[in-house]
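Student: Okay, so TrEMBL annotates it like this:
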- 78: active site (ACT_SITE)
- 129: active site (ACT_SITE)
- 168-204: disulfide bond (DISULFID)
- 5-202: domain 'Endonuclease/exonuclease/phosphatase' (DOMAIN)
């Protein structure tokens with residue numbers, strides 16, 4: 001089972017119209033069985049269905065998706081989408097984290113998948129894209145999101161994934177020492193600080209997988225979590241990558 005997460009910087013109709021971009025995104029998605037797409041900004045809500053159609057046309061397998069409502073405090077709304085192989089998984093239930101105290105800029109999107117092929121039959125993924133200036137606080141509150149999943153669904157085996165903005169200037173060492181997601185021993189950070197998940201060579205591990213639950217941890221292949229440097233693998237120009245696709249590598 002291959003799981004991915006990718007912040008496709010300001011993804012929408014305009015990005016899909018840039019020559020070559022859709023083809024690269026399809027190549028990337030074909031690598032995974034389930035992948036979280038973040039930073040979907042598309043008021044028409046047509047870009048993701050178009051990308052899914054392109055993906056299915058290019059694949060011998062069938063992909064489907066589950067997508068959140070448009071989220072955010074400002075008029076610049078974003079969506080999360082989980083794209084998955086429908087012969088391997090089905091979506092059991094989903095919800096957007098209830099956030100009456102407005103702790104998150106974009107509330108996490110939680111999906112319960114039923115697997116037809118893995119030892120763990122029920123998998124829960126929580127997608128998050130934090131606000132950079134509030135990254136430390138939002139990361140801390142992801143512990144509350146995990147506890148909410150346990151309370152609602154009675155499920156411990158969860159992977160929290162996405163663009164945490166969880167490194168460099170956004171999360172300082174002093175903040176980590178008091179941050180519950182860093183200090184609570186229930187959680188394992190599968191993407192470590194030494195993994196640069198940017199395309200600009202900034203040496204920042206913004207994008208993360210954080211796993212919890214004994215069954216989930218036993219199912220994770222040691223050392224398998226990392227980044228995919230699509231820019232170098234596909235021989236793309238810096239302008240194509242940074243300006244047209246994303247400043248993030250996917251994990």
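Just so you know, glycine gets a Cβ as well, placed from its N, Cα and C.
Remember, TrEMBL labels are computer predictions, not curated facts.
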Student: Whole-number answer please: how many Å between the C-alpha atoms of residue 204 (disulfide bond) and residue 129 (active site)?
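Tutor: Spelling it out, the Cα of residue 204 (disulfide bond) and the Cα of residue 129 (active site) are 15 Å apart.
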Student: CB neighbours of residue 129 (active site) within 10 A?
Tutor: 27
Student: In sequence order, what residues of the same chain, 6+ apart, have a Cβ less than 8 Å from the Cβ of residue 78 (active site)?
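Tutor: In sequence order, 38, 39, 40, 41, 70, 71, 72, 106, 129 meet the Cβ cut-off.
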Student: Most Cβ neighbours within 10 Å: which of the disulfide-bonded residues 168, 204 is it?
Tutor: 204
Student: Determine the mean pLDDT over the domain 'Endonuclease/exonuclease/phosphatase' (5-202), rounding to the nearest whole number.
Tutor: 95
Student: Which of the three DSSP-derived classes (helix, strand, coil) applies to residue 78 (active site)?
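Tutor: Assignment for residue 78 (active site) reads strand.
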